[in-house]
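Quick notes on the structure that follows.
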Amino acid sequence: MALSENDPNSFSRPDLAVVTHIHLELNVDFNRKVLSGKAILHIEKKGATNTVILDNRDLIILSVINVDNGSTLNYKIENDIGYGSKFIIELPTPIDASNENDTRYKFEINYETSSDATGLQWLTPEQTAGGKYPYLFSQCEAIHARSVLPCQDTPSVKFTYSAMISAPEEMIVLMSAILDDVTYSETRKIYRFHQPIPIPSYLIAIAVGVLVSKKIGPRTTVWAEHEYIVRSAYEFAETETMLQIAEQICGPYLWGVYDLLVLPPSFPFGGMENPCLTFVTPTLLAGDRSLANVVAHEIAHSWTGNLVTNANFEHFWLNEGFTMFVERKINGRMFGEKYRQFSALNGLKSLEECIETLGKSNQITNLVPNLIGINPDDSFSVVPYEKGHTFLFYLEQLLGGSDVFEPFLKSYLNTYKYKSIITNNWKEYLYKYFPNKIELLDSVDWNAWFNTPGMPPVIPNYDKSLAIACTELAQKWISWEETTTSPFDKNDIQNLTAIQTITFLAELRASSTILSLKKLETMQDTYDFNSIKNAEIRFLWLRLCIKSRWASKVSDALDFATEQGRLKFVRPIFRDLYKWEEMRQTAVDTYLKNKNKMMYVTAHMVAKDLHLND
């Protein structure tokens, strides 16, 4: 059953009483691995109710106090259903009995997090680059904010927030907010933040560690451990250019600063669009800026997702499909339209593999899936990203190209900024914006796009010119007779861009032909993939080796899958090794040995891939 009327994954009922602001006062305790303190919630009653309903996951609630008069309030926490529990607080009767219209409340909730909070990753010094100090970071998307603070953990609710965070004096504290000031208190520092733009709970973020920074643009400072800072500043030097292009496409950037934090390797995603402070994985540090497109993606989220937000995660494509679309437009302006379409072509291949893995009739592959009874973590895939992008590219072509569609995009973002919406809101606005194209819009098979599993009903005819060299080189390897002299040399790869090399390897992996070990050994001798720093290339090379059952490469693959925690890389490698019967137990043993170093979402998903939850 759905947990509530408007969001299958949240108990909260913002239609009856809604949180409008949260103030946090928290102490960071690395010894106990907890955040402790209080959250002050500003609440507005909307309907006939005598309670406010929040989400909670393993929070230890000490007391709930009515700030207006200091009285203690009654509350109840129901049983956990696997990804949270209902936290019900009784609303006080109005102090002035004659004022029945008193609808605003302020509650102080004293609490602490569990040491196993699913939204927090506490790293030991050994798990950091510096090796001397511990580190804390959060990952609240999709529904883990409820393990960090009491809140209405649904993206349909947006609230402003402020925070006072106390941490050891050697530490820097960063949040998805504007830093106001830092004061000292004995051996600790107090950081004060505020976020004036209303955000959904999943965009609350905190990081605490021994960090250094370097300014790389008028709006951007990059933060990292000392060991990463020089490489990070170089890698992300084009951030301001991307921001300016995004503003041309989407409208003014409203968040003030756009900082970047390069996290330790266990961070589970390529990036996370926390407002004012994008989190990124160190696997982007390729040394040649070839993977900085992830930053373009997170920049795009400043509009698509952060300003206009999916009202629940069934409509996640409104966040990710649009963001993919804007990301590729940014890259198209920087590197040319052919590059944009080449990137889309690669995305389509990722979508094909994903749908093959999930199953062509699996309703999770719908653009708008049904998530009743399903944890959004379990439905996470490239579908909302790539099926969503494909749909928007198709619509742009159908309606007359970018000159017609980009003004619509800007208007849509401006109309719905600060709001949370569902797919139908967007569709209605599309019809309203294009009154002269109703017939064209009526020709779209909306049901096939939104509610039908599998590949999209229409595949755009993308420009393939940048793919030709990749396909030709892949075919050359497939057709090479090993008894003849190798016709390959290192210039084959040196003449390709990084994204073309990635495509070349992806084509070999997707091919029905399994390359012999001799061919792979020749490939390694010629191109030396083992020494390439680009994580995407390394990942595809290792998967190609697994496909050909190159046993001596398994330890390299497992090292790669455990030295960083990015789901995009970790899950496919463990899945591939699970399918290789002789290596299955090795994969399981490696996971069990390393799972405590993984963030919750990584450990949870890999356990599913290895069928350890069956």
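These residue numbers are counts, starting from 1, taken along the chain as shown.
From the backbone N, Cα and C atoms, a Cβ is placed for every residue, glycine too.
Per TrEMBL, the feature active site, proton acceptor maps to GLU298. A 10 Å cutoff on Cβ-Cβ distances gives GLU298 (active site, proton acceptor) a total of 25 other Cβ atoms nearby, all chains included.
According to TrEMBL, the active site, proton donor annotation covers TYR385. The C-beta environment of TYR385 (active site, proton donor), restricted to residues of the same chain at least 6 apart in sequence and closer than 8 Å, consists of TRP317, GLU320, GLY321, THR323, MET324, GLY347.
The peptide binding site annotation in TrEMBL covers GLN139, CYS140, GLU141, PRO268, PHE269, GLY270, GLY271, MET272, GLU273, ARG566, LEU567, LYS568. Taking Cβ-Cβ distances under 8 Å and a sequence separation of 6 or more, the neighbours of LEU567 (peptide binding site) in its chain are PRO268, PHE269, PHE380, VAL601, THR602, MET605. For the recorded site, LEU567 (peptide binding site), the DSSP three-state label reads helix.
In sequence order, GLY270, GLY271, THR323, MET324, GLU327 make up the list of same-chain residues 6 or more apart from HIS297 (Zn(2+) binding site) whose Cβ falls under 8 Å from its Cβ. Annotated Zn(2+) binding site per TrEMBL: HIS297, HIS301, GLU320, in sequence order.
Positions annotated as domain 'Peptidase M1 leukotriene A4 hydrolase/aminopeptidase C-terminal' by TrEMBL: 465-610.
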Including all protein chains displayed, how many Cβ atoms other than that of HIS301 (Zn(2+) binding site) lie within 10 Å of its Cβ?
25
Between GLU273 (peptide binding site) and GLU298 (active site, proton acceptor), what C-alpha distance do you get in Å?
5
Where GLU141 (peptide binding site) and GLU298 (active site, proton acceptor) are concerned, what is their Cα separation in Å, rounded?
14
In angstrom units, rounded to an integer, how far apart are the Cα atoms of GLN139 (peptide binding site) and GLU298 (active site, proton acceptor)?
15
Per DSSP, to which secondary structure element type does GLY271 (peptide binding site) belong, with helix, strand and coil as the options?
strand
What average pLDDT does the predicted model assign to the domain 'Peptidase M1 leukotriene A4 hydrolase/aminopeptidase C-terminal' (465-610)?
97
GLY271 (peptide binding site), number of other Cβ atoms within 10 Å:
21
Starting from the Zn(2+) site formed by HIS297, HIS301, GLU320, give every other residue of that chain whose CB sits within 8 Å of the mean position of their CB atoms, in sequence order.
GLY271, GLU273, GLU298, ALA300, THR304, GLY305, ASN319, PHE322, THR323, MET324, VAL326, GLU327, TYR385
Just to be sure I understand, if DSSP states are collapsed into helix, strand and coil, how many residues of the domain 'Peptidase M1 leukotriene A4 hydrolase/aminopeptidase C-terminal' (465-610) fall in each?
112 helix, 0 strand, 34 coil
